[in-house]
């Protein structure tokens, strides 16, 4: 069975252009290693960011872990590019495993918006039970994450083992991403309308509760984090997409082979930069993540050093104890 490995270059192709590709590789490796080293701290900050719902914290952590999976897989693929031992069976097995792992990460990020939307849909329509953060609510994350993993693994194997074409692979990703975006913005609109109903007290029979207000605000906080990520992610994704399209669509015999090779090298570099940008932007998206990081002495010193150059994010709720957060939210509502 033929296999589509995510290795585009080798020494024989890039040697005539030394040291151009070596410089690109060096920058990419620096970003990948930096991401790998910082990932555990990011996961720590996210998992400690209470009172954010446990399933939301787990969801954000899986983003970092899938980025880590892609980073490690890319290092294996880079090693193969340098060594170029294509005909060894053990090398082929590693190459296939790394390609599948990287495609799993791609698939995860394509279905991520659907993952978020399904989790927040449960939080929106089963809020009374879900807001309690009982152990039973963890089942929601387990079921949803299992579906996401099955989707990612299936698309990865279909791509690498060429069960379907690259065009079909891109189409599946595009449909998944579009459906996720529609669900995401539909839920965002619904929660904004619900919050307006709570603020306006326009309906006498509308069941106003503090818990309901808190759950809606948490929904909006999660949506805000992803809206904070959306613009930089889009700006970083567009160049990577264009680099790959140029590589894929320019014929090998068109006389533009050097352009093709540079484009695919920049594509991989840009994905490494994308992962690093995503990590930094995610931690900066919410005060609770930064507060968790400040518990680590090294990061506390870093924040102290950067404090004069950054504008603090207003977050009244982050200054409240978890036991007082309901009363804080109620007080805010009554002032509106």
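Cβ atoms here come from the backbone N, Cα and C positions, even for glycine.
Here is what TrEMBL records for this protein:
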TRANSMEM  23-47  transmembrane segment
TRANSMEM  59-83  transmembrane segment
TRANSMEM  95-116  transmembrane segment
TRANSMEM  137-158  transmembrane segment
TRANSMEM  170-189  transmembrane segment
TRANSMEM  229-250  transmembrane segment
TRANSMEM  262-285  transmembrane segment
| request: Between the transmembrane segment (262-285) and the stretches 59-83, 137-158, 170-189, work out which stretch tops the count of Cβ pairs under 8 Å. | output: 59-83
| field | Result, the transmembrane segment (23-47) in contact with the transmembrane segment (170-189) (3+ CB pairs under 8 Å) | value | no
| Going along the chain, which residues at least six beyond the ends of the transmembrane segment (59-83) come within the CB cut-off of under 8 Å? | 5-7, 9-11, 25, 28-29, 32, 35-36, 39, 42-43, 46-47, 91, 94-95, 97-99, 101-102, 104-106, 108-109, 112, 115-116, 119, 141, 145, 225, 268, 271-272, 275, 278-279, 282
